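What follows is a set of notes on a single structure, which appears directly below.
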Amino acid sequence: MRNVKGGVWKNTEDEILKVAIMKYGLNQWARISSLLTRKSPAQCKARWHEWLDPSIKKTEWSKEEEEKLLHLAKIFPSQWKTIAPLVGRTASQCLERYNRLLDEVQRQQDNENGGGSGGGGTTTTTTTTTGENDPRRLRMGDIDPTPETKPAKPDPIDMDEDEKETLSEAKARLSNTQGKKEKRKFREKQLEEARRLAFLQKKRELKAAGINYNPKKKGKEKSWDISKEIPFYLKPKAGFYDVPDEELRDEPNKDASFIGKRVDQIENPNYLQRQEKLNKLEDIKKSKKEIFNLPQLISETSKSNDVEHSIKRTKLQLPEPQLTDDDIQEISDYEKLNGSGSGGGSGGVGVGEFPLPAPRTASISSTAANNNTNNIRTPMKQDTIMSEAQNLLALSNAQTPLKGGAGPNVSQTPLPKSVNNSTPFRTPNPLANQTPTQHNKKQSLNDSNEFAIEDKFKRQQGKNQLLSNLKNLPSPTIEYKLELPSELPTIEDDTTLELDNSEIHIREQQQLKHKEQFKLRNRSTVLKRNLPRSRNLFPINKNNNNNNNNNINQDELRILKEINRIISHDNKTFPNDSITPSSTFDDDDDDDNHHHHHDDIDNNSINDNDEKYENYDYFTNTELEFADKLIRDEIEQIKQELKQPLPSSNEILEEIDQIRSQFIYLPKENQFIEKSNANQTQLIENLQFEYDKTLNKIKNSSMKSVNLEKKLNIYNGGYQNRSNTIIKNIDDMFDQLEQSEIEYQCFVALKNNESIQMEKRLKSIENQVYDQCEIESRLQQKYAQLLNEKNLLKKKLSIF
């Protein structure tokens, strides 16, 4: 079966084409197409230049681009390859957009001719014919003539065998680095490397033989290196004057301090440091205020977040009225006096009527005249794109000019701004646009008076015609009156506005925050200062209510009731679940549990008395300050009555400790009694409670110590391991030091022994040398004696 090339491009084919272009470039299309069995070289080239090239613009067409396209299509008809680079699009994109614009104009003309709607409005160029009415939509069985300009078809989950084979072959070829060309390149690279190594070996051998071989410098000893020195250059001598400015100007590194710096470093280098310092100071002030003056910080925050202090929407600021109330009143009176059918004339004022002033009457008449005329409107902007497309459609449908007759009706459109005007700018000629002046009287053939009389007659005739036309105008059907409203419209408050969910949520969060701040602001001073809380309510004797004669008891009763009300309110608003009653008044022996043991409250006793103290009064800051002032004044009065200084804090604490030691706590009865009035059973009960309490403290302390030990092991585990390693290294180094010290002492002793034995060995060697010298001298003498005897014997033998 013959393989027909072409068709829709697939995603795998696009990817293969991209990789092949990366390897083979943009000129070897035959080699690139050999990787794609279903595509020809021309199709591969068209696919790259029409779709895959990253420089192709695929966004929506702008108005300027459409104007430029239509203008260039009129100048270069059917020359899309020439128009495409000027517009910044591909040729197929330009042709497709041009045809769509013509189709849009044709559709509008068909609707107008067919009586369709759309005569009152203008259609924009962004609307395109879609659906079944699009003439370029592919039907069933149609073949896309330009598949290179369409998006790629996605890869199926199950690919065909042919596609898999093409993909595997392309992978193998594109990843092949062992072909003939690659082998030849590798062989050439190896030969070049071998040549370089041989040259280095030769140079090394020549250098070892004392010959400096440098082929680059051969034949260049007598020439100048212009990059390093200047021929025949003589350094100028120092003159009589200093030239620091010229040296600074010619300095190559004069801008080194400027290069590489940011704008903030040049303009204001310390701005960031100052800003950071100010932020740190602001944070420190805020943290100090949180520690030392928390109520003030809470009050300031609540004031800033309060709904009353929030920024309200400002009222509408209108300009001052041109007519005052008196002017409007005069106009309304004038309308009432003249009646509805007077027509606004200036005559006919009845008895008791007063005439309107002349200037104001003139202004009213002029206003009425202006109201009768049509209002000035902004002229509608012409759709240049659609008009240009209509012109091109008319030109394309026009008959040949050889037949003669009138040409197509083409409207003039201004040149778009995106197209450069080829006409050069010239100096304007002011005389060319002036009205021609009248000829000189000496050169005129007729008298000027005749023309003046004729012009005057024409002006009078036109004036009379205008007056007659004005008289024939119909009577007005609509009359306008100016009346003041009886009631001014009320400005709606911001609360009537409908809020969205986000604004409702924000306001709910603000209300919750204000409530929480209100609770914190109205808590007792005991909780504000984090002091020990009361365990239970103070007992009140009901017999005191009947004792009206004793004012002191009544005052104490009121104070106790108020204290119980405050305790009940604090326990309900800020509850504390960890309740363990104590046998003593305080637990100063344990600072960590100081507040926790004092926060113990008997819930049962409090809940029973909640109904008595439900009505809790909230006081303002002014009332609280006034009460505090009264208490301070009373304290000062007591000081003056005592006429002696108040006891010190240590004396007060000693007195309190002495009083506390006289009382014991009974957990079953939940009260304190004097130790002198307690029996044996109550003492045992108190001691048992103290024992249990101490045992609980020990358990809690042990658990805390275990947890702290675990945390310390986590935090200090690495340091402990490192310290153990360092200690081990120190021990090893100390052992080495001891071993080195022992070896040193051994070598010192060995040196001393060697120095002593060396003298003995030297003496023995010297003695041996002396003995050897004596032996040699004796042997030399013996040798000389024997040599003489030999010579004598030779002489004797020679005689015989």
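Glycine is treated like the rest: Cβ placed from N, Cα and C.
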| note | Range annotated DNA-binding region in Swiss-Prot (choices 29-52, 725-748) is 29-52
| message | If I take every residue in the domain 'HTH myb-type 1' (1-56) and average their pLDDT values, what number comes out? | response | 88
| note | DSSP assigns the residues of the domain 'HTH myb-type 2' (57-106) as 37 helix, 0 strand, 13 coil
| query | When you scan the chain for residues with a C-beta under 8 Å from the DNA-binding region (29-52), skipping those not six or more beyond its ends, what do you find? | reply | 3, 5-7, 9, 13-14, 16-18, 20-21, 90, 92, 146, 148-151, 162, 166, 169-170, 173-174
